[in-house]
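J.: Got a structure for you, questions after.
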Amino acid sequence: MNAVPDGRSDKPRSVVGVLALQGDTREHLAALTEAGAEAVTVRRLRELEAVDALVIPGGESTAMSHLLREFELLEPLRARLAEGMPAYGSCAGMILLATEILDAGAAGREATPLKGIDMSVRRNAFGRQVDSFEGDIPFVGLDSPVHAVFIRAPWVERIGDGVEVLARADGHIVAVRQGRMLATAFHPEVTGDRRVHKLFVDMVSE
């Protein structure tokens, strides 16, 4: 662990990285800090090696896959996930954490699965940008619904053994957990509700 002391208590804060190649990095950094983590950006291998956990933000999954290869992070990230590093993916991050990506993109520019969570995820399943929507949905483990913002959002079409469904929207799976990995099809980082990030920070400390 690379946890750092928390001045408010004797309990060290987990160092949680946010993959900062593309996507809404700043919003996740703010949410993680408010949830009690030491939040840092990750763009290089040495930065990936220094964190206790990683958030893969929303953005464009094919662009992120390309940049992971360009920055020589794809295989090291896969290896850290296989070793058990906690990870949270929102929207595009959910897509990349899957073992299988449906409608992965044009040949040569496909989104590449990191194989962190045993699930099949369909890209842009809820539609294009103009089909983006938001609403309140129940979330397992939280005492009241979360306000979920869906932007060109995916959904989960298959889950493996050991994957827990945490939320659904319109009958589709939109949040899951497997061990210390978490994924949501929506963007809790943009709403001001920090409960999903707090759930992840608590998972990192387990």
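Cβ coordinates are placed from backbone N, Cα and C, and glycine is handled just like the others.
So Swiss-Prot lists these for the protein:
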- G59, E60, S61, R123, I151, R152: L-glutamine binding site (BINDING)
- C91: active site, nucleophile (ACT_SITE)
- H187: active site, charge relay system (ACT_SITE)
- E189: active site, charge relay system (ACT_SITE)
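How buried are the listed features, and what sits near them?
T.: In the three-state DSSP reading, E60 (L-glutamine binding site) counts as coil. Non-local neighbourhood of E60 (L-glutamine binding site): Q22, G23, A92, each in the same chain, at least six residues away, with C-beta under 8 Å from its C-beta.
DSSP classifies C91 (active site, nucleophile) as coil under the three-state reduction. Cβ neighbours within 10 Å of C91 (active site, nucleophile), excluding its own Cβ and spanning all shown chains: 29.
Counting every protein chain shown, the Cβ of H187 (active site, charge relay system) has 23 other Cβ atoms within 10 Å.
Under DSSP, E189 (active site, charge relay system) is assigned to a helix (H, G or I) in the three-state scheme.
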J.: Report, in whole Å, the straight Cα-to-Cα distance of C91 (active site, nucleophile) from E189 (active site, charge relay system).
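T.: Cα-Cα distance, E189 (active site, charge relay system) to C91 (active site, nucleophile): 11 Å.
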J.: Cβ within 8 Å of the L-glutamine site centroid (G59, E60, S61, R123, I151, R152 excluded): which residues?
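T.: Sorted by sequence, the hits are G58, C91, A92, I95, N124, P154.
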J.: Whole-number Å distance between the CA of R152 (L-glutamine binding site) and the CA of C91 (active site, nucleophile)?
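T.: R152 (L-glutamine binding site) and C91 (active site, nucleophile) have their Cα atoms 8 Å apart.
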J.: Measuring CB to CB from S61 (L-glutamine binding site), give everything in the same chain under 8 Å that is also at least six residues away in sequence.
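T.: When sequence neighbours closer than 6 are ignored, S61 (L-glutamine binding site) has A92, I95, L96, I101, G105, A111, R123 within Cβ distance under 8 Å.
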J.: Using all protein chains shown, find which of the binding-site residues R123, R152 scores highest when you count other CB atoms within 10 A of its CB.
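T.: The largest 10 Å Cβ neighbour count belongs to R123.
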J.: Among G59, E60, S61, R123, I151, R152, the annotated L-glutamine contacts, find the widest CA pair distance and round it to a whole Å.
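T.: The L-glutamine-binding residues span at most 13 Å between Cα atoms.
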